[in-house]
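What follows is a single structure, written as structure tokens, with notes after it.
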Amino acid sequence: MPISRIAVGSPAEAGQADALKAALAEFISVLIFVFAGEGSGMAFNKLTDDDSSTPAGLVAAALAHALALFVAVSVGANISGGHVNPAVTFGAFVGGHITLVRSILYWIAQLLGSVVACLLLKFSTGGMTTSAFSLSSGVGAWNAVVFEIVMTFGLVYTVYATAVDPKKGNIGIIAPIAIGFIVGANILAGGAFDGASMNPAVSFGPAVVSWTWDNHWVYWLGPFIGSAIAAIVYEVFFIAPSTYEELPSADF
């Protein structure tokens with residue numbers, strides 16, 4: 001059972017070289033991802049006079065996030081596991097694949113990476129707004145929470161199936177592109193309703209730089225619940241106890 005395998009870890013782990021290198025890799029991966037993803041929206045606004053809330057804008061956002069996440073996961077995979085998302089890290093923690101101490105390191109690095117990416121975007125675009133995630137007209141906070149739960153479930157389930165499962169075999173080769181694809185597809189499904197975050201770090205950076213916190217909790221609660229459900233479902237039903245291996249965090 002995944003719950004029985006949860007580990008807090010030692011405080012000394014936070015000072016170990018491999019943990020610090022992994023956290024740095026997460027910082028860089030999230031910076032790359034947010035700069036490209038958020039930047040694509042800002043570029044679209046620049047070209048269309050702030051008209052990114054169109055079908056073309058949605059497709060552009062989905063494509064940019066899918067491609068950027070594919071790269072961000074790939075470049076971090078051999079160092080940190082390429083989580084690029086606090087919700088993915090939480091799912092790994094729930095499944096017993098990473099300690100709480102290392103998770104906290106990852107979370108700090110991921111959030112900082114997003115903030116730095118948004119600061120760089122604001123400066124390099126001459127002060128353009130890094131738009132925070134928001135709910136569309138007619139979409140309530142709890143509607144958005146359900147959206148985020150379902151979309152993040154799909155994301156973390158994909159992570160488990162292609163990167164975490166010890167039986168994954170050669171399917172692990174396509175993990176980064178599969179993860180990018182599910183995020184792009186979910187943006188097409190949910191972007192018009194709540195922005196389709198699935199990633200608290202992606203929501204956090206723009207919120208800090210624009211100092212806009214309306215319904216921000218939605219983009220933490222939904223992804224963390226969806227991630228936990230996906231981790232528990234996959235661990236309980238598809239990873240047999242006899243196949244458990246001691247997997248270092250850098251294995252996914």
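Indices start at 1 and increase along the chain as displayed.
Including glycine, each Cβ sits where the backbone N, Cα and C put it.
A TrEMBL annotation is a machine prediction, not a hand-curated record.
Annotation source TrEMBL lists transmembrane segment at 23-44, 56-75, 115-135, 141-160, 172-193, 217-240.
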For the transmembrane segment (172-193), distant same-chain residues with Cβ under 8 A (at least six beyond the ends): 53, 58-59, 61-63, 65-71, 73-74, 77, 82, 135-136, 139, 143-144, 147-148, 151, 154-155, 158-159, 162-163, 252
Interface present between the transmembrane segment (115-135) and the transmembrane segment (23-44) (three or more C-beta pairs under 8 A): yes
Cβ-Cβ under 8 Å with the transmembrane segment (115-135): same-chain residues at least 6 beyond its ends: 27, 30-35, 38-39, 41-42, 45-46, 141, 143-144, 193-195, 197, 202-210, 212-216, 218-219
Cβ pairs under 8 Å between the transmembrane segment (141-160) and the transmembrane segment (217-240), at least three: yes
